[in-house]
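Step one of this worksheet: look at the structure below.
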Amino acid sequence: MQKVNLSTVSEFVFVDLSDAPEIRLLLFVLFLLVYLATVAGNMTLLVAIGTDSHLHSPMYFFLGNLSLLDLLCPTITVPKMLGALLLEHKEISFSGCLFQHFSLIAVVGTEIFLLAVMAYDRYVAVCRPLRYPSIISTAQCAQLAIGTWVTGLLNSLLHTSLVFTLSFCGPNKIQQYYCDIPPVLALSCSSTRSRELVILVVAGVLGSSACVVTVVSYIYILLEILARDSPGIWRKAFSTCGSHLTVVCLFYGTTICTYVRPSFTYSPHWDRIVSMLYGMFTPLLNPIIYSLRNKEVKCALKRVISQVRRAL
């Protein structure tokens, strides 16, 4: 019977993003500013959605969940990376790496399913406007949101158990700034082929299912727009769906490039760049995209800012 968790590695070490101290300091300042801007942007959006009655609708309820995920995603990885850049504290314990891996995959998986739910919400809003309140009710919103979080957690539990029950008895340098699936699998001293296949199949089935829901929703939206052919319909549809579609393309593109491929195609340098795009810059851009393209969000943000000014 095969033994489980034969690991003799007690900790992992992240590889430096740069060997030059001045470059590390520059990267520290850059990533710290990006992280602080990400936290500020998503927190502001959450406060606006939570306090402004004009934004108490299903669309903004799901957007609030997206902002929470975009707040969690960099918080899981960036503080550790900043510590490594400034203090050169590059070590992470085996259990710490496991927890970081589980949390990150849970957040990424949940966001994939949430984007599919948001696409379905836009489909109902555009194609079934009269039935929208009954189809996307408050109870239905809560069920859909809980479903995305539970599915993301279960998906992460499966992936984490497949990766961290392998044997780690040799090298412990992770070619990444956080504990991700490809670089951790590359350190295992046992065969990973069967587990890689399971990971690819599960990620492919779940990811493609969410992607199909998103694509089909927008196909129906496009057909509905073409069928109506009324003045201003394109502008209204773009205002309703443009922000979400932009976020979907940005998130799916970087995530698929990172996870839905075999480990022999893993390139440390390229993967660090791609992972920074979806792990740091996508959570920064999402609140900007939604606030710039949505009049209701912009008005709510102005009201929040004015209230803060009055309070100060």
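Backbone N, Cα and C define each Cβ position, glycine as well.
According to TrEMBL, the feature transmembrane segment maps to 25-48 (among others).
Residues or ranges marked as domain 'G-protein coupled receptors family 1 profile' in TrEMBL: 41-290. Confidence in the domain 'G-protein coupled receptors family 1 profile' (41-290), given as mean pLDDT, stands at 83.
The transmembrane segment annotation in TrEMBL covers 60-78 (among others).
The transmembrane segment feature in TrEMBL is assigned to 98-120 (among others). Long-range contacts of the transmembrane segment (98-120) within the same chain, counting only residues at least 6 positions beyond its ends with a Cβ under 8 Å from a Cβ of the stretch, are 59, 62-63, 65-66, 69-70, 72-73, 76-77, 80, 92, 144-145, 147-149, 151-153, 155-157, 159-160, 163-164, 178-181, 184, 206-207, 209-211, 213-214, 217-218, 244, 247-248, 251-252, 255, 259, 278-279.
Residues annotated as transmembrane segment in TrEMBL: 132-154 (among others). For the transmembrane segment (132-154), the residues of the chain that approach it from at least six positions outside its boundaries are 58, 61-62, 65, 106-114, 117, 121, 124-125, 206, judged by C-beta separation under 8 angstroms.
Summarising the annotation, TrEMBL assigns transmembrane segment to 197-223 (among others).
Annotation source TrEMBL lists transmembrane segment at 244-261 (among others).
Here TrEMBL flags 273-292 (among others) as transmembrane segment.
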